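Peer 1: Pulled from TrEMBL, these are the listed features:
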COMPBIAS  479-491  compositional bias 'Low complexity'
DOMAIN    34-447  domain 'Major facilitator superfamily (MFS) profile'
REGION    1-20  region 'Disordered'
REGION    469-501  region 'Disordered'
TRANSMEM  29-55  transmembrane segment
TRANSMEM  75-94  transmembrane segment
TRANSMEM  101-123  transmembrane segment
TRANSMEM  129-149  transmembrane segment
TRANSMEM  170-197  transmembrane segment
TRANSMEM  203-224  transmembrane segment
TRANSMEM  253-275  transmembrane segment
TRANSMEM  295-313  transmembrane segment
TRANSMEM  325-342  transmembrane segment
TRANSMEM  348-365  transmembrane segment
TRANSMEM  386-405  transmembrane segment
TRANSMEM  425-443  transmembrane segment
Amino acid sequence: MKEEVHADQHGISPEDNNKQAAKKEKSRLSAIFTVIFSGFALLSDGYQIGVLSLINVCFNKIYGHQFTSEMSTRIGNSLFVGCILGQIGFGFICDRVGRKVGLMLTTLLVILGAALCAGAYGAGGSVEGLFWALTVYRGILGVGVGGEYPCSSASASEAADVVMPGRRGMLFVFVTNFVIDSGFVLSALVPLILALAGCSYEVIWRASFAFGVLPPLSVMYFRFKMDNSDIFQKNAIKKKVPYGLILQRYWKYLLGTAGSWFFYNFISYPFGIFAGTIIDQSGGENPSFVHTAQWMLLLNFFYLPGSISGALASDKLGRKRTMTLGFFMQGVLGILMGVFYKDLLNKFPLFVVVYGIFMAFGEFGPGDMLGLVSAEIYPTAIRGTAYGWSAAIGKFGAFVGTTAFKPAVAALGGGDADKGQARVFILASGLALLGSVFTWCLIPDYSKRNLHEEDEDFRKFLESKGYDLSNFGAPSAPTATDLEAADSDSALADEKHPSKA
(Lines of atoms letter the chains of each structure in order from A; the text may use other names.)
(Lines give C-alpha, C1' and ligand atoms only; values in the text may rest on other atoms or scores of the structure.)
Protein backbone atom coordinates (compact mmCIF):
# COMPACT_ATOMS: atom_id res chain seq x y z
CA MET A 1 0.00 0.00 0.00
CA LYS A 2 2.84 2.40 0.87
CA GLU A 3 4.45 1.76 -2.51
CA GLU A 4 1.18 2.48 -4.31
CA VAL A 5 0.68 5.74 -2.36
CA HIS A 6 4.27 6.78 -3.08
CA ALA A 7 3.78 6.08 -6.79
CA ASP A 8 0.47 7.95 -6.87
CA GLN A 9 2.05 10.97 -5.22
CA HIS A 10 4.35 11.25 -8.22
CA GLY A 11 1.46 10.73 -10.66
CA ILE A 12 2.85 7.46 -12.11
CA SER A 13 1.55 4.03 -11.13
CA PRO A 14 3.79 0.95 -10.86
CA GLU A 15 2.11 -0.34 -14.03
CA ASP A 16 3.10 2.81 -15.93
CA ASN A 17 6.66 2.48 -14.66
CA ASN A 18 6.79 -1.09 -15.93
CA LYS A 19 5.45 -0.02 -19.33
CA GLN A 20 8.05 2.73 -19.64
CA ALA A 21 10.85 0.37 -18.58
CA ALA A 22 9.67 -2.16 -21.18
CA LYS A 23 9.61 0.51 -23.90
CA LYS A 24 13.11 1.69 -22.99
CA GLU A 25 14.40 -1.87 -23.12
CA LYS A 26 12.70 -2.40 -26.48
CA SER A 27 14.28 0.82 -27.77
CA ARG A 28 17.73 -0.31 -26.60
CA LEU A 29 17.30 -3.77 -28.18
CA SER A 30 16.25 -2.07 -31.41
CA ALA A 31 19.44 0.01 -31.27
CA ILE A 32 21.55 -3.14 -30.74
CA PHE A 33 19.98 -4.87 -33.74
CA THR A 34 20.41 -1.70 -35.79
CA VAL A 35 24.13 -1.61 -34.98
CA ILE A 36 24.59 -5.27 -35.94
CA PHE A 37 22.53 -5.37 -39.13
CA SER A 38 23.56 -1.93 -40.35
CA GLY A 39 27.14 -3.09 -40.53
CA PHE A 40 26.96 -6.78 -41.38
CA ALA A 41 26.23 -6.32 -45.11
CA LEU A 42 29.51 -4.37 -45.32
CA LEU A 43 31.13 -7.81 -45.21
CA SER A 44 30.06 -8.19 -48.83
CA ASP A 45 31.43 -4.77 -49.68
CA GLY A 46 34.92 -5.58 -48.43
CA TYR A 47 34.67 -9.00 -50.01
CA GLN A 48 33.63 -7.74 -53.45
CA ILE A 49 36.39 -5.15 -53.53
CA GLY A 50 39.09 -7.59 -52.37
CA VAL A 51 38.08 -10.65 -54.39
CA LEU A 52 38.98 -8.97 -57.67
CA SER A 53 42.65 -9.38 -56.80
CA LEU A 54 42.59 -13.20 -57.11
CA ILE A 55 39.95 -13.11 -59.86
CA ASN A 56 42.46 -11.05 -61.86
CA VAL A 57 44.93 -13.91 -61.36
CA CYS A 58 42.27 -16.36 -62.64
CA PHE A 59 41.68 -14.23 -65.71
CA ASN A 60 45.42 -14.07 -66.39
CA LYS A 61 45.63 -17.87 -66.12
CA ILE A 62 42.59 -18.42 -68.40
CA TYR A 63 42.88 -15.68 -71.01
CA GLY A 64 46.56 -14.70 -70.95
CA HIS A 65 47.27 -11.70 -73.16
CA GLN A 66 43.56 -11.28 -73.98
CA PHE A 67 43.12 -9.98 -70.44
CA THR A 68 44.99 -6.74 -71.01
CA SER A 69 46.19 -4.27 -68.40
CA GLU A 70 43.64 -1.76 -69.68
CA MET A 71 40.75 -4.21 -69.29
CA SER A 72 41.91 -5.18 -65.78
CA THR A 73 41.97 -1.52 -64.78
CA ARG A 74 38.58 -0.87 -66.41
CA ILE A 75 36.86 -3.69 -64.49
CA GLY A 76 38.44 -2.50 -61.25
CA ASN A 77 37.52 1.13 -61.80
CA SER A 78 33.91 0.44 -62.77
CA LEU A 79 33.25 -0.51 -59.14
CA PHE A 80 34.74 2.77 -57.95
CA VAL A 81 32.70 4.84 -60.41
CA GLY A 82 29.57 3.08 -59.15
CA CYS A 83 30.71 3.64 -55.54
CA ILE A 84 31.08 7.38 -56.12
CA LEU A 85 27.55 7.61 -57.54
CA GLY A 86 26.17 5.43 -54.73
CA GLN A 87 27.90 7.37 -51.96
CA ILE A 88 26.67 10.74 -53.17
CA GLY A 89 23.19 9.55 -54.14
CA PHE A 90 22.45 7.40 -51.12
CA GLY A 91 24.03 9.92 -48.76
CA PHE A 92 21.29 12.28 -49.95
CA ILE A 93 18.58 9.58 -49.79
CA CYS A 94 19.38 8.42 -46.26
CA ASP A 95 19.19 12.01 -44.98
CA ARG A 96 16.16 13.16 -46.93
CA VAL A 97 14.09 9.95 -47.16
CA GLY A 98 15.40 7.82 -44.30
CA ARG A 99 18.13 5.43 -43.20
CA LYS A 100 15.89 2.38 -43.60
CA VAL A 101 14.93 3.16 -47.22
CA GLY A 102 18.57 3.69 -48.12
CA LEU A 103 19.66 0.43 -46.49
CA MET A 104 16.94 -1.58 -48.25
CA LEU A 105 17.79 -0.18 -51.69
CA THR A 106 21.54 -0.67 -51.31
CA THR A 107 21.00 -4.26 -50.13
CA LEU A 108 19.02 -5.03 -53.28
CA LEU A 109 21.65 -3.44 -55.53
CA VAL A 110 24.53 -5.39 -53.94
CA ILE A 111 22.60 -8.66 -54.35
CA LEU A 112 21.72 -7.85 -57.97
CA GLY A 113 25.23 -6.70 -58.91
CA ALA A 114 26.97 -9.71 -57.34
CA ALA A 115 24.55 -12.14 -59.01
CA LEU A 116 25.05 -10.51 -62.42
CA CYS A 117 28.85 -10.69 -62.05
CA ALA A 118 28.66 -14.41 -61.18
CA GLY A 119 26.59 -15.11 -64.30
CA ALA A 120 28.40 -12.75 -66.68
CA TYR A 121 28.67 -13.92 -70.27
CA GLY A 122 29.96 -12.41 -73.51
CA ALA A 123 27.63 -12.53 -76.52
CA GLY A 124 28.55 -15.48 -78.71
CA GLY A 125 31.24 -16.49 -76.22
CA SER A 126 33.19 -13.29 -76.84
CA VAL A 127 36.01 -12.80 -74.32
CA GLU A 128 35.94 -9.03 -74.83
CA GLY A 129 32.16 -9.11 -74.42
CA LEU A 130 32.56 -10.95 -71.10
CA PHE A 131 34.94 -8.32 -69.77
CA TRP A 132 32.66 -5.48 -70.89
CA ALA A 133 29.69 -7.20 -69.23
CA LEU A 134 31.69 -7.47 -66.00
CA THR A 135 32.54 -3.78 -66.29
CA VAL A 136 28.84 -2.86 -66.40
CA TYR A 137 27.81 -5.33 -63.70
CA ARG A 138 30.61 -4.25 -61.37
CA GLY A 139 29.38 -0.69 -61.87
CA ILE A 140 25.88 -1.70 -60.70
CA LEU A 141 27.43 -3.52 -57.76
CA GLY A 142 29.47 -0.41 -57.02
CA VAL A 143 26.38 1.78 -56.67
CA GLY A 144 25.08 -0.59 -53.99
CA VAL A 145 28.48 -0.94 -52.30
CA GLY A 146 28.96 2.84 -52.30
CA GLY A 147 25.48 3.45 -50.95
CA GLU A 148 26.11 1.05 -48.08
CA TYR A 149 28.78 3.35 -46.65
CA PRO A 150 26.71 6.44 -45.73
CA CYS A 151 23.53 4.46 -44.96
CA SER A 152 25.19 1.82 -42.77
CA SER A 153 27.59 4.21 -41.06
CA ALA A 154 24.96 6.84 -40.25
CA SER A 155 22.64 4.19 -38.79
CA ALA A 156 25.42 2.41 -36.89
CA SER A 157 26.85 5.58 -35.34
CA GLU A 158 23.42 6.77 -34.14
CA ALA A 159 22.60 3.39 -32.65
CA ALA A 160 26.09 2.96 -31.14
CA ASP A 161 25.62 6.24 -29.28
CA VAL A 162 22.61 4.64 -27.55
CA VAL A 163 24.13 1.19 -26.93
CA MET A 164 27.61 2.20 -25.68
CA PRO A 165 27.83 6.00 -25.26
CA GLY A 166 31.31 5.93 -23.74
CA ARG A 167 32.74 3.42 -26.24
CA ARG A 168 30.95 4.54 -29.38
CA GLY A 169 34.18 4.55 -31.38
CA MET A 170 35.13 0.97 -30.56
CA LEU A 171 31.63 -0.38 -31.25
CA PHE A 172 31.31 1.56 -34.50
CA VAL A 173 34.64 0.29 -35.85
CA PHE A 174 33.85 -3.32 -34.95
CA VAL A 175 30.53 -3.26 -36.86
CA THR A 176 31.84 -1.30 -39.88
CA ASN A 177 35.53 -1.32 -40.79
CA PHE A 178 36.33 -4.57 -38.98
CA VAL A 179 33.47 -6.21 -40.92
CA ILE A 180 34.81 -4.76 -44.19
CA ASP A 181 38.30 -6.07 -43.37
CA SER A 182 36.82 -9.49 -42.56
CA GLY A 183 35.36 -9.38 -46.05
CA PHE A 184 38.87 -8.83 -47.43
CA VAL A 185 40.09 -11.92 -45.57
CA LEU A 186 37.18 -13.96 -46.96
CA SER A 187 38.00 -12.66 -50.44
CA ALA A 188 41.25 -14.64 -50.29
CA LEU A 189 39.89 -17.60 -48.31
CA VAL A 190 36.96 -18.45 -50.60
CA PRO A 191 39.02 -18.70 -53.84
CA LEU A 192 41.69 -20.66 -51.96
CA ILE A 193 39.14 -23.22 -50.70
CA LEU A 194 37.71 -23.57 -54.20
CA ALA A 195 41.19 -24.07 -55.65
CA LEU A 196 42.10 -26.67 -53.03
CA ALA A 197 38.82 -28.46 -53.88
CA GLY A 198 40.10 -28.86 -57.44
CA CYS A 199 37.73 -26.37 -59.11
CA SER A 200 38.62 -24.95 -62.50
CA TYR A 201 39.61 -21.29 -62.79
CA GLU A 202 36.22 -20.40 -64.30
CA VAL A 203 34.35 -22.05 -61.42
CA ILE A 204 36.64 -20.25 -58.96
CA TRP A 205 35.95 -16.77 -60.30
CA ARG A 206 32.20 -17.29 -60.81
CA ALA A 207 31.65 -18.92 -57.41
CA SER A 208 33.81 -16.25 -55.76
CA PHE A 209 31.62 -13.50 -57.18
CA ALA A 210 28.47 -15.43 -56.20
CA PHE A 211 29.53 -15.76 -52.56
CA GLY A 212 29.16 -11.99 -52.25
CA VAL A 213 25.38 -12.38 -52.53
CA LEU A 214 25.08 -14.19 -49.18
CA PRO A 215 25.90 -11.44 -46.61
CA PRO A 216 23.39 -8.84 -47.89
CA LEU A 217 20.77 -11.55 -48.50
CA SER A 218 21.13 -12.73 -44.90
CA VAL A 219 20.32 -9.28 -43.46
CA MET A 220 17.53 -8.35 -45.87
CA TYR A 221 14.71 -9.37 -43.53
CA PHE A 222 16.22 -7.71 -40.46
CA ARG A 223 16.79 -4.45 -42.32
CA PHE A 224 13.16 -4.52 -43.42
CA LYS A 225 12.13 -4.70 -39.74
CA MET A 226 14.44 -1.85 -38.66
CA ASP A 227 13.23 1.65 -37.77
CA ASN A 228 14.88 4.99 -38.32
CA SER A 229 16.65 6.11 -35.14
CA ASP A 230 15.04 8.54 -32.69
CA ILE A 231 17.82 11.07 -33.23
CA PHE A 232 17.23 10.98 -36.99
CA GLN A 233 13.48 11.44 -36.71
CA LYS A 234 13.97 14.47 -34.46
CA ASN A 235 16.76 16.15 -36.44
CA ALA A 236 16.13 15.33 -40.10
CA ILE A 237 15.58 18.17 -42.56
CA LYS A 238 13.34 17.02 -45.40
CA LYS A 239 12.83 20.37 -47.14
CA LYS A 240 14.72 23.61 -47.70
CA VAL A 241 18.10 22.12 -46.74
CA PRO A 242 20.51 25.09 -46.34
CA TYR A 243 23.47 23.69 -48.27
CA GLY A 244 25.13 27.10 -48.49
CA LEU A 245 25.11 27.49 -44.71
CA ILE A 246 26.25 23.88 -44.32
CA LEU A 247 29.32 24.54 -46.46
CA GLN A 248 29.95 27.80 -44.60
CA ARG A 249 30.09 25.95 -41.27
CA TYR A 250 31.68 22.64 -42.29
CA TRP A 251 33.97 23.39 -45.27
CA LYS A 252 37.12 22.85 -43.22
CA TYR A 253 35.86 19.53 -41.83
CA LEU A 254 34.85 18.40 -45.32
CA LEU A 255 38.28 19.31 -46.67
CA GLY A 256 39.84 17.28 -43.86
CA THR A 257 37.70 14.13 -44.18
CA ALA A 258 37.54 14.18 -47.99
CA GLY A 259 41.23 14.98 -48.46
CA SER A 260 42.42 12.40 -45.95
CA TRP A 261 40.10 9.79 -47.47
CA PHE A 262 41.51 10.58 -50.93
CA PHE A 263 45.07 9.95 -49.74
CA TYR A 264 44.13 6.78 -47.87
CA ASN A 265 42.20 5.20 -50.76
CA PHE A 266 44.84 6.28 -53.28
CA ILE A 267 47.26 4.14 -51.27
CA SER A 268 45.16 1.26 -49.94
CA TYR A 269 43.11 0.21 -52.96
CA PRO A 270 45.85 -0.12 -55.60
CA PHE A 271 48.11 -1.96 -53.14
CA GLY A 272 45.16 -4.17 -52.15
CA ILE A 273 43.68 -4.89 -55.58
CA PHE A 274 47.01 -5.46 -57.31
CA ALA A 275 48.56 -7.32 -54.37
CA GLY A 276 47.70 -10.64 -56.02
CA THR A 277 49.51 -9.58 -59.18
CA ILE A 278 52.52 -8.30 -57.19
CA ILE A 279 52.74 -11.55 -55.21
CA ASP A 280 52.17 -13.63 -58.36
CA GLN A 281 55.04 -11.82 -60.13
CA SER A 282 57.33 -11.86 -57.09
CA GLY A 283 56.72 -15.42 -55.91
CA GLY A 284 59.08 -17.18 -58.28
CA GLU A 285 58.74 -18.69 -61.75
CA ASN A 286 55.13 -19.44 -62.71
CA PRO A 287 53.70 -19.82 -59.15
CA SER A 288 50.50 -21.85 -58.78
CA PHE A 289 47.17 -20.21 -58.03
CA VAL A 290 47.06 -21.93 -54.62
CA HIS A 291 50.51 -20.54 -53.81
CA THR A 292 49.40 -17.00 -54.68
CA ALA A 293 46.08 -17.37 -52.81
CA GLN A 294 47.84 -18.62 -49.66
CA TRP A 295 50.12 -15.60 -49.56
CA MET A 296 47.15 -13.31 -50.31
CA LEU A 297 45.26 -14.81 -47.37
CA LEU A 298 48.21 -14.11 -45.06
CA LEU A 299 48.51 -10.58 -46.42
CA ASN A 300 44.80 -9.83 -46.00
CA PHE A 301 44.81 -11.28 -42.49
CA PHE A 302 46.98 -8.34 -41.40
CA TYR A 303 43.98 -6.07 -41.92
CA LEU A 304 42.32 -7.58 -38.83
CA PRO A 305 44.90 -6.80 -36.10
CA GLY A 306 45.23 -3.33 -37.61
CA SER A 307 41.48 -2.81 -37.43
CA ILE A 308 41.15 -4.27 -33.91
CA SER A 309 43.98 -2.17 -32.48
CA GLY A 310 42.51 0.96 -34.10
CA ALA A 311 39.10 0.19 -32.58
CA LEU A 312 40.62 -0.16 -29.11
CA ALA A 313 42.68 3.01 -29.49
CA SER A 314 39.85 5.16 -30.87
CA ASP A 315 38.23 5.97 -27.52
CA LYS A 316 41.41 6.00 -25.41
CA LEU A 317 43.91 7.73 -27.70
CA GLY A 318 41.25 9.70 -29.59
CA ARG A 319 40.25 9.66 -33.25
CA LYS A 320 42.58 12.44 -34.38
CA ARG A 321 45.74 11.05 -32.75
CA THR A 322 44.97 7.48 -33.86
CA MET A 323 44.47 8.49 -37.49
CA THR A 324 47.53 10.75 -37.57
CA LEU A 325 49.70 8.01 -36.05
CA GLY A 326 48.42 5.38 -38.50
CA PHE A 327 49.11 7.58 -41.53
CA PHE A 328 52.58 8.49 -40.22
CA MET A 329 53.66 4.92 -39.44
CA GLN A 330 52.38 3.68 -42.81
CA GLY A 331 54.31 6.43 -44.57
CA VAL A 332 57.58 5.72 -42.75
CA LEU A 333 57.35 1.94 -43.27
CA GLY A 334 56.39 2.35 -46.95
CA ILE A 335 59.44 4.50 -47.64
CA LEU A 336 61.69 1.91 -45.97
CA MET A 337 60.02 -0.83 -48.07
CA GLY A 338 60.70 1.12 -51.23
CA VAL A 339 64.36 1.69 -50.34
CA PHE A 340 64.99 -1.98 -49.43
CA TYR A 341 62.48 -3.47 -51.89
CA LYS A 342 64.80 -5.88 -53.73
CA ASP A 343 66.39 -7.08 -50.50
CA LEU A 344 62.90 -7.88 -49.15
CA LEU A 345 61.97 -9.78 -52.32
CA ASN A 346 64.96 -12.05 -51.79
CA LYS A 347 63.34 -13.03 -48.48
CA PHE A 348 59.83 -13.44 -49.87
CA PRO A 349 58.01 -14.49 -46.65
CA LEU A 350 59.48 -11.42 -44.91
CA PHE A 351 58.32 -9.25 -47.83
CA VAL A 352 54.72 -10.47 -47.42
CA VAL A 353 54.79 -9.91 -43.65
CA VAL A 354 56.20 -6.37 -43.98
CA TYR A 355 53.67 -5.69 -46.76
CA GLY A 356 50.95 -6.86 -44.39
CA ILE A 357 52.17 -4.58 -41.59
CA PHE A 358 52.18 -1.69 -44.09
CA MET A 359 48.49 -2.37 -44.82
CA ALA A 360 47.73 -2.88 -41.10
CA PHE A 361 49.00 0.60 -40.22
CA GLY A 362 46.55 1.95 -42.80
CA GLU A 363 43.68 0.11 -41.13
CA PHE A 364 44.75 1.13 -37.61
CA GLY A 365 44.66 4.80 -38.55
CA PRO A 366 42.65 6.14 -41.49
CA GLY A 367 40.97 2.84 -42.29
CA ASP A 368 39.21 2.76 -38.92
CA MET A 369 38.99 6.45 -38.13
CA LEU A 370 37.80 8.05 -41.37
CA GLY A 371 34.40 6.37 -41.32
CA LEU A 372 34.04 7.02 -37.59
CA VAL A 373 35.04 10.68 -37.81
CA SER A 374 32.84 11.31 -40.86
CA ALA A 375 29.87 9.78 -39.03
CA GLU A 376 30.19 11.86 -35.86
CA ILE A 377 31.59 15.33 -36.58
CA TYR A 378 28.62 16.27 -38.76
CA PRO A 379 25.07 16.81 -37.41
CA THR A 380 22.34 14.21 -37.89
CA ALA A 381 20.54 16.27 -40.53
CA ILE A 382 23.48 15.99 -42.97
CA ARG A 383 25.36 12.99 -41.55
CA GLY A 384 24.73 10.76 -44.57
CA THR A 385 25.26 13.56 -47.09
CA ALA A 386 28.56 14.80 -45.62
CA TYR A 387 29.75 11.21 -45.16
CA GLY A 388 28.82 10.46 -48.78
CA TRP A 389 30.67 13.51 -50.12
CA SER A 390 33.80 12.63 -48.14
CA ALA A 391 33.72 8.94 -49.06
CA ALA A 392 33.07 9.78 -52.74
CA ILE A 393 36.23 11.91 -52.88
CA GLY A 394 37.97 8.97 -51.22
CA LYS A 395 36.72 6.57 -53.88
CA PHE A 396 37.88 9.04 -56.52
CA GLY A 397 41.30 8.64 -54.93
CA ALA A 398 40.93 4.86 -55.32
CA PHE A 399 39.95 5.39 -58.97
CA VAL A 400 42.98 7.58 -59.63
CA GLY A 401 45.29 5.25 -57.72
CA THR A 402 44.23 2.05 -59.50
CA THR A 403 44.27 3.81 -62.90
CA ALA A 404 47.77 5.19 -62.33
CA PHE A 405 49.29 2.17 -60.54
CA LYS A 406 50.39 -0.01 -63.45
CA PRO A 407 51.40 2.91 -65.75
CA ALA A 408 53.37 4.39 -62.83
CA VAL A 409 55.16 1.08 -62.23
CA ALA A 410 56.05 0.89 -65.92
CA ALA A 411 57.15 4.55 -66.19
CA LEU A 412 59.14 4.68 -62.94
CA GLY A 413 60.71 1.27 -63.44
CA GLY A 414 61.92 1.78 -67.00
CA GLY A 415 61.00 -1.83 -67.84
CA ASP A 416 62.07 -3.18 -64.44
CA ALA A 417 58.84 -4.11 -62.59
CA ASP A 418 60.59 -4.49 -59.22
CA LYS A 419 62.19 -1.05 -59.47
CA GLY A 420 58.87 0.46 -60.55
CA GLN A 421 56.99 -1.10 -57.62
CA ALA A 422 59.67 0.10 -55.19
CA ARG A 423 59.35 3.69 -56.38
CA VAL A 424 55.56 3.52 -56.28
CA PHE A 425 55.79 2.42 -52.64
CA ILE A 426 57.89 5.52 -51.89
CA LEU A 427 55.49 7.81 -53.78
CA ALA A 428 52.42 6.40 -52.04
CA SER A 429 54.11 6.63 -48.65
CA GLY A 430 54.78 10.31 -49.23
CA LEU A 431 51.03 10.77 -49.65
CA ALA A 432 50.47 8.91 -46.36
CA LEU A 433 52.71 11.43 -44.60
CA LEU A 434 50.74 14.24 -46.25
CA GLY A 435 47.56 12.56 -44.99
CA SER A 436 48.87 12.74 -41.43
CA VAL A 437 49.36 16.51 -41.84
CA PHE A 438 45.84 16.90 -43.27
CA THR A 439 44.40 14.97 -40.36
CA TRP A 440 46.19 16.93 -37.67
CA CYS A 441 45.40 20.34 -39.15
CA LEU A 442 41.83 19.93 -40.43
CA ILE A 443 39.97 17.24 -38.46
CA PRO A 444 38.54 17.91 -34.97
CA ASP A 445 38.49 15.30 -32.22
CA TYR A 446 34.93 14.56 -31.11
CA SER A 447 35.86 11.43 -29.16
CA LYS A 448 34.14 12.62 -25.98
CA ARG A 449 31.19 14.46 -27.55
CA ASN A 450 27.66 13.13 -27.69
CA LEU A 451 26.02 13.22 -31.12
CA HIS A 452 23.24 15.41 -29.70
CA GLU A 453 25.76 18.16 -28.90
CA GLU A 454 26.64 18.81 -32.54
CA ASP A 455 22.93 18.74 -33.43
CA GLU A 456 22.29 21.50 -30.88
CA ASP A 457 25.27 23.57 -32.06
CA PHE A 458 24.09 23.20 -35.67
CA ARG A 459 20.59 24.40 -34.78
CA LYS A 460 22.00 27.44 -32.94
CA PHE A 461 24.21 28.27 -35.93
CA LEU A 462 21.28 28.06 -38.37
CA GLU A 463 19.07 30.11 -36.06
CA SER A 464 21.75 32.82 -35.88
CA LYS A 465 21.68 32.96 -39.69
CA GLY A 466 17.89 33.36 -39.78
CA TYR A 467 17.04 29.82 -40.89
CA ASP A 468 13.53 28.57 -40.07
CA LEU A 469 14.02 25.78 -37.51
CA SER A 470 10.49 24.47 -38.10
CA ASN A 471 11.97 22.59 -41.09
CA PHE A 472 13.61 20.22 -38.60
CA GLY A 473 11.99 16.92 -37.65
CA ALA A 474 10.91 14.20 -40.05
CA PRO A 475 7.12 14.15 -40.62
CA SER A 476 6.75 10.55 -39.51
CA ALA A 477 5.53 8.43 -36.62
CA PRO A 478 6.52 9.60 -33.11
CA THR A 479 9.75 8.20 -31.72
CA ALA A 480 10.02 5.78 -28.81
CA THR A 481 11.25 8.61 -26.59
CA ASP A 482 8.28 10.76 -27.55
CA LEU A 483 5.87 7.92 -26.73
CA GLU A 484 7.45 7.47 -23.31
CA ALA A 485 7.10 11.20 -22.58
CA ALA A 486 3.49 11.15 -23.77
CA ASP A 487 2.71 8.24 -21.48
CA SER A 488 4.22 10.08 -18.51
CA ASP A 489 2.21 13.24 -19.28
CA SER A 490 -0.96 11.19 -19.65
CA ALA A 491 -0.42 9.50 -16.29
CA LEU A 492 0.12 12.87 -14.59
CA ALA A 493 -3.03 14.27 -16.20
CA ASP A 494 -5.08 11.29 -15.09
CA GLU A 495 -3.88 11.75 -11.49
CA LYS A 496 -4.75 15.43 -11.50
CA HIS A 497 -8.16 14.92 -13.18
CA PRO A 498 -9.41 11.45 -12.17
CA SER A 499 -12.93 12.19 -13.43
CA LYS A 500 -11.60 12.30 -17.00
CA ALA A 501 -9.88 8.92 -16.75
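Placement of Cβ uses the backbone N, Cα and C atoms for every residue, glycine included.
Describe the structural context of these features.
Peer 2: Listed by sequence, the residues of this chain that lie at least six past the ends of the transmembrane segment (29-55) yet keep a Cβ under 8 A from its Cβ atoms are 75-76, 79, 103, 106-107, 110, 113-114, 141, 145, 148-149, 151-153, 155-156, 158-160, 162-163, 171, 175-176, 179-184, 186-188, 190-191, 204-205, 208-209, 211-216, 218-219, 222-223, 226-227, 229, 269, 272-277, 289, 292-293, 296, 300, 480.
For the transmembrane segment (75-94), the list of distant contacts is 48-49, 52, 56, 101-103, 105-106, 109, 113, 131, 134-136, 138-151, 154-155, 269, 273, 384-389, 391-392, 395-396, 398-399, 402-403: same-chain residues at least six beyond its ends, Cβ to Cβ under 8 Å.
Sequence-distant neighbours of the transmembrane segment (101-123) (same chain, 6+ residues past either end, Cβ-Cβ under 8 Å): 38, 41, 44-45, 48, 82, 86, 90, 93-94, 129-134, 137-138, 140-145, 147-148, 150-152, 155, 206-207, 209-210, 212-213, 216-217, 219-220, 223-224, 226, 384.
Outside the transmembrane segment (129-149), and at least 6 residues removed from its termini, the chain residues within Cβ reach (under 8 Å) are 41-42, 44-45, 48-49, 67, 71, 74-75, 78-87, 89-90, 93, 102-103, 105-114, 116-117, 120-123, 212, 216, 371, 387-388, 391-392, 395.
Within the chain carrying the transmembrane segment (170-197), a Cβ under 8 angstroms from the stretch's Cβ atoms is held by residues 35-36, 38-40, 42-51, 53-55, 58, 152-153, 156-157, 160, 163-164, 203-205, 207-208, 211, 215, 272, 289-290, 293-294, 296-297, 299-301, 303-304, 306-308, 310-312, 314-315, 363, 367-368, 371-372, 375, all 6 or more beyond its ends.
Non-local neighbours of the transmembrane segment (203-224) in the same chain are 33, 37, 40-41, 43-44, 47-48, 51, 54-55, 58-59, 100, 103-104, 107, 110-111, 114-115, 117-120, 141, 144, 183, 186-187, 190-191, 194-195, 289; each lies 6+ residues outside the stretch with a CB under 8 Å from one of its CB atoms.
Non-local neighbours of the transmembrane segment (253-275) in the same chain are 49-50, 52-53, 56, 76, 80, 184, 247, 296, 299, 323, 327, 330, 334, 355, 358-359, 362, 366-367, 370, 373-374, 377-378, 386, 389-391, 393-398, 400-402, 404-406, 428-429, 431-432, 434-435, 438-439, 441-444; each lies 6+ residues outside the stretch with a CB under 8 Å from one of its CB atoms.
Residues 50, 53-54, 169-170, 173-174, 177-178, 181-182, 184-185, 187-189, 192, 275-276, 279, 283, 322, 326, 352-353, 355-357, 359-365, 367-369 of the same chain, all 6+ positions outside the transmembrane segment (295-313), place their C-beta atoms under 8 angstroms from a C-beta of that stretch.
Tertiary neighbourhood of the transmembrane segment (348-365): same-chain residues 177, 181, 264, 267-268, 271-272, 275, 279, 282-284, 295, 298-299, 301-303, 305-307, 309-310, 313, 322-330, 333-334, 337, 432, selected by CB-CB distance under 8 Å and a gap of 6+ residues from either end.
Here the transmembrane segment (386-405) has long-range neighbours at 73, 76-77, 80-81, 83-84, 87-92, 146, 149-150, 153-154, 246, 250, 253-254, 257-259, 261-270, 273-274, 370-371, 374-375, 378, 424, 428, meaning same-chain residues at least 6 beyond its ends whose C-beta is under 8 angstroms from one of its own.
Taking Cβ pairs closer than 8 Å, the transmembrane segment (425-443) reaches residues 252-253, 255-257, 259-260, 263-264, 266-267, 270-271, 319-320, 323-325, 327-328, 330-335, 337-339, 341, 362, 366, 373, 377, 401, 408, 412 in its own chain, all 6 or more past its ends.
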